[in-house]
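A short write-up of the structure that comes next.
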Amino acid sequence: MTTSTVTKPSPAAPAPVTAGASVQLRLDGRWLTMCAASLLTPGRGVAVLLPDGRRQAALFLDRAGRLYAVDNRDPFSGAAVLSRGLLGSARGRVFVASPLLKQRFDLVTGQCLDDDEVRVGVYEVRLAA
Amino acid sequence: MPTDLPPGPPADEPAGLPTLVLVGHGMVGQRFLEELAERGVTATHRVVVLCEEPRPAYDRVQLTSYFSGRTPDELSVTDPGFLARHRIELRVGDPAERVDRAARTVTARSGFTVAYDTLVLATGSAPFVPPVPGRDATGCFVYRTVEDVLAIEEYATRHATAGAVVGGGLLGLEAAGALQGLGLATRIVEFAPRLMPAQVDEGGGAALLRTLTGRGLTVHTGVGTQEVLRDGAGAVTGMRLSDGSEVATDMVVFSAGVRPRDQLARDCGLAVGERGGVTVDELCRTSDPAVYAIGECAQACDGRVYGLVAPGYEMARTAAEAIASGTGRAFTGADMSTKLKLLGVDVASFGDAHGAAEGCLDVVYSDSRSGTYKKLVVGAGGELLGGVLVGDAEAYGTLRALTGQVPPVPAEQLVLPAGAGEARALGPEALPGDAVVCTCHNVTKAAIQACASLPEVKKCTKAGTGCGSCVKLVGQLLPASGDAGLCGCFPHTRAELYEIVRVRRVTSFAELLDTHGRQEARGGEGCETCKPAVGSIIASLAPAIGADGYVLDGEQAALQDTNDHFLANLQKNGSYSVVPRVPGGEITPEKLIVIGEVARDFGLYTKITGGQRIDLFGARVEQLPLIWARLVAAGFESGHAYGKALRTVKSCVGWTWCRYGVQDSVRMAIDLELRYRGLRAPHKLKSAVSGCARECAEARSKDFGVIATSGGWNLYVGGNGGATPRHGDLLAQDLDDAGLVRLIDRFLMFYIRTADRLERTSTWLERIEGGVDHVREVVVDDSLGLCAELEALMAEHVTHYRDEWAATLDDPERLARFVSFVNAPGAPDPMVSFVPEREQIKPDLPLLTLGPRRTADLEGTPAS
Ligand code: SRM
Ligand SMILES: Cc1cc2nc3c(=O)[nH]c(=O)nc-3n(C[C@H](O)[C@H](O)[C@H](O)COP(=O)(O)OP(=O)(O)OC[C@H]3O[C@@H](n4cnc5c(N)ncnc54)[C@H](O)[C@@H]3O)c2cc1C
Ligand code: SF4
Ligand code: FES
């Protein structure tokens with residue numbers, strides 16, 4: 001059983017990315033440390049491999065310092081590439097555009113903004129000292 | 001009338017149908033056929049066309065554009081499908097020689113004889129060659145047909161350095177422009193006391209003379225040609241003029257007016273006018289009601305022979321209507337308005353340009369420094385009767401459409417240049433709905449405003465597809481295309497953002513967004529449209545505005561599309577392709593071996609690209625630095641296959657090996673590729689260099705293409721392959737090496753500065769006002785005084801170029817980015833896998849067959 005689901009995790013509150021800070025993801029009800037926060041560039045993503053050695057999450061940091069995490073797999077192509085997309089915002093919603101065919105996904109809900117039927121999974125994510 | 005015969009579906013055996021024979025397949029002839037088809041006459045008649053020239057109808061008005069690169073095929077106005085669809089029998093290269101009106105037959109040169117029920121003459125006119133001794137010498141030409149321009153070009157390039165044009169009218173100036181464009185020292189000899197005597201008045205002629213002399217033409221007015229001087233072999237060496245002087249010239253083009261081709265009509269006893277032209281009534285019928293005459297061969301019922309295409313088109317319609325229904329819109333005369341761009345000078349005249357009406361007054365503005373002359377003719381009641389504009393014909397469209405009315409502002413305000421005193425430009429809003437905006441096709445303002453866009457206008461009304469002089473006004477009458485902003489974040493176009501970045505030296509996207517973005521987008525993230533676009537602008541201007549040129553530094557990294565981010569091209573399964581630069585397509589065996597070894601060692605799929613280089617597919621992100629370390633060590637550089645940047649400069653083998661080559665095309669291609677490598681642009685840039693006109697490198701399909709000539713290089717711009725192919729336009733000829741490079745520098749920087757996002761040079765040239773002529777003015781004649789700055793920007797680029805891959809390999813921090821997973825840097829992406837195919841690999845995409853996950857599938861499904 002895993003817990004992090006489509007149920008709206010709220011984006012982590014803006015916090016200054018301090019030198020030693022790390023990014024944590026909630027998996028199976030536990031917070032797991034993924035990587036140093038300094039590896040994230042605002043406006044761009046990185047991919048992390050989850051403990052099962054198979055699944056992947058895409059982590060993003062926006063200009064305001066908010067963190068987001070979604071499933072890395074692009075549902076349109078099957079390739080694990082969402083972390084390599086560009087971040088954008090429209091009407092206050094922050095999204096990532098797939099680098100392959102440019103469909104946009106809301107980073108808070110995982111909803112595809114270009115196809116009502118499609119959604120990617122999202123994770124709760126936070127910054128830990 | 002033949003139309004009394006029963007209509008019905010066209011029979012395969014044409015014998016049962018009444019026959020319509022058209023003699024002459026010129027511009028008016030072709031239009032007449034279209035008018036016939038529109039009225040169904042082609043379905044009820046057998047239509048036979050006798051065409052003297054070796055090719056179907058083409059755009060004679062645009063003949064001179066041959067010299068700027070339009071091919072005879074591109075000049076064609078005959079859609080081959082049209083003739084087939086309407087079963088029109090076109091006999092190319094078979095002129096009519098005899099008409100027997102009693103038997104109602106026409107006999108062509110081949111002996112082909114056809115019986116007609118209706119005969120239509122559209123034989124146009126022939127150039128008038130004054131009967132001077134030597135007029136038949138080798139090196140004497142006329143200027144009327146495609147064959148004429150081909151012959152002129154051939155002779156000029158082989159045998160001539162100086163040329164003379166006899167006649168300073170409209171066609172003479174076009175011919176002079178062509179000769180000058182071919183690199184000849186050119187003179188014009190005009191018998192009348194001023195240039196373009198038929199169109200402009202004395203003041204206008206004087207303004208024109210000053211400007212043309214300023215452009216290096218020698219002009220003689222008020223003198224006639226008395227003799228063409230020849231050498232022993234009968235070739236032109238000079239001319240003797242009526243003032244007794246002799247001038248040297250290697251060739252002569254006669255352009256001293258035209259005469260209607262009415263011989264056929266004369267021979268069969270039809271009435272002709274005193275000064276030539278087949279006499280017709282207001283329905284374009286000749287003295288024999290079964291015979292019509294239209295276009296330049298006809299003398300209209302007002303006694304005039306119209307030497308312009310618009311009246312010819314009107315006659316075509318009148319005749320087609322008359323044939324279809326027995327009546328038609330009478331043709332009683334036409335507007336002789338013209339607007340031309342001759343040798344880069346605007347010349348327009350409209351309405352009663354010479355002020356022939358009783359009691360009329362002239363309003364004149366003249367500025368000899370700028371070569372501007374404007375005259376309006378105003379009637380006793382204040383109504384605009386006509387006018388002449390030289391040097392600045394901006395207002396032509398509006399003024400022409402206002403002819404016959406009292407303008408809403410006093411006439412003197414209409415001729416003053418903008419900015420002077422009380423000048424007030426008269427907007428197109430002032431025009432009434434029934435004002436004719438396109439005279440070529442007789443289209444009113446109201447008809448244009450019923451359309452939503454220029455393509456629609458051209459399609460539905462044909463306005464703008466004739467001489468093109470109304471296009472500007474048409475554009476002003478259409479609704480503005482709404483919001484021209486780049487995207488939801490910026491209200492500015494790419495070109496505007498370029499200016500803001502350049503002038504304000506903005507080096508950060510966030511700063512640009514927060515200061516120049518739409519109010520609602522400020523403080524936000526931007527989007528996938530504006531981020532790469534602004535990233536590219538900053539990269540193109542990096543040295544000049546003090547930004548870092550390396551595309552992966554600082555915030556720049558977050559702006560790049562994934563391809564730029566990883567300096568490689570993303571493939572469908574998440575792997576990347578690697579394309580090393582192979583300048584000019586030239587590669588040593590050693591380098592080929594290195595590519596082969598790298599591909600083998602990393603298990604990459606290898607393919608020769610369409611751009612004369614080699615693409616290695618299937619690399620994982622973490623392999624990219626390892627692959628590039630090997631390539632860089634062997635002397636390779638990034639090929640920027642991932643960037644909106646210079647791609648390849650293809651070459652043909654050129655004179656080094658090829659028996660036809662006239663220049664070293666490989667060397668030039670390598671030089672150009674090395675000069676412009678790494679240059680970021682609104683879209684990708686491609687180039688090629690061919691060693692001779694056989695064009696094996698396909699240079700004319702490139703953004704900038706170079707073709708060798710015996711005297712240097714010809715530069716073509718705006719070519720494109722891809723979805724909407726376009727042949728490049730000739731920008732300049734016979735350039736030396738330095739001149740070529742300088743011109744390309746300017747051209748590219750001007751494009752980068754003014755193009756829209758993702759706009760190739762081809763679409764940019766089609767979009768910008770004035771097209772290639774405007775670009776030529778800016779980059780060749782330096783009309784905006786920009787050239788020094790454009791060259792300086794390119795010099796900065798060239799000095800600061802550094803291979804992105806070498807720079808990346810040198811910097812551990814940058815290298816850290818090339819991992820599939822930040823928390824497991826060594827681990828490969830398990831989703832990237834391959835299966836064998838034809839002894840190489842291809843992506844294995846089992847997941848694709850499952851299709852996208854639907855929201856429904858996700859309900860309750862854990863996402864982790
Ligand atoms: C590899 C190659 C095909 C091949 O196997 O030969 C290729 C591959 C791609 N082309 Fe191309 N084009 C390749 C030569 C061409 C050519 C031929 C040429 O350059 O002489 C053309 C027509 C010429 C032209 O551009 O005018 C061409 C016209 C296009 C177009 C249409 C451009 C247009 O203006 O209509 C696109 C789409 C675009 O750029 O928006 C495109 C886009 C692409 C992209 C980038 C599509 C994409 O986004 O994935 C392909 C990715 C390349 C990769 O992953 O490495 N490719 N493409 C060729 C690489 C040449 C090179 O060495 O750099
Ligand atoms: C260089 C140049 C620039 C011009 N610029 C402009 C301009 O800017 N604006 C403008 O309005 N006009 C311009 N004109 C004039 C315009 O081209 C003519 O008005 C127009 O072409 C007339 O059309 P037409 O069909 O009557 O004659 P043409 O186009 O001359 O066609 C007549 C055709 O009939 C053929 N023919 C003749 N006799 C026979 C026969 N016995 N049997 C079979 N075929 C025969 C001829 O070979 C020719 O192909 C220009 C002309 C030239 C040469
Ligand atoms: S373009 Fe001319 S020089 Fe180059 S290979 Fe072809 S024929 Fe030879
Ligand atoms: S006026 Fe010539 S195309 Fe419209």
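Cβ coordinates are placed from backbone N, Cα and C, and glycine is handled just like the others.
The [4Fe-4S] cluster site recorded in TrEMBL includes B:Cys658, B:Cys692, B:Cys696, and the single candidate from B:Cys652, B:Cys787 that the record places there is B:Cys652.
By the criterion of other Cβ atoms within 10 Å of the residue's own Cβ, the least surrounded of the binding-site residues B:Cys652, B:Cys658, B:Cys692, B:Cys696 is B:Cys658. The stretches the domain 'FAD/NAD(P)-binding' (B:20-316) and the domain 'Nitrite/Sulfite reductase ferredoxin-like' (B:571-633) do not meet in space: the count of Cβ pairs below 8 angstroms, excluding pairs fewer than 6 apart in sequence, stays at fewer than three. When Cβ-Cβ distances below 8 Å are used as the criterion, the domain 'BFD-like [2Fe-2S]-binding' (B:436-478) is approached by residues 61, 309-310, 313-314, 335, 337-340, 348, 396-398, 400-401, 427-428, 769 of the same chain, each at least six residues removed from its ends. Taking the mean position of the Cβ atoms of B:Cys652, B:Cys658, B:Cys692, B:Cys696 as the [4Fe-4S] cluster site, the remaining residues of that chain whose Cβ falls within 8 Å of it are B:Val653, B:Gly654, B:Tyr660, B:Gly661, B:Ser665, B:Ser690, B:Gly691, B:Arg694, B:Glu695, B:Ala697.
The helix, strand and coil residue counts that DSSP assigns across the domain 'Nitrite/sulphite reductase 4Fe-4S' (B:643-779) are 52 helix, 35 strand, 50 coil. Checking the binding-site residues B:Cys652, B:Cys658, B:Cys692, B:Cys696 against ligand 2 with a 6 Å cutoff on the Cβ atom leaves no residue at all.
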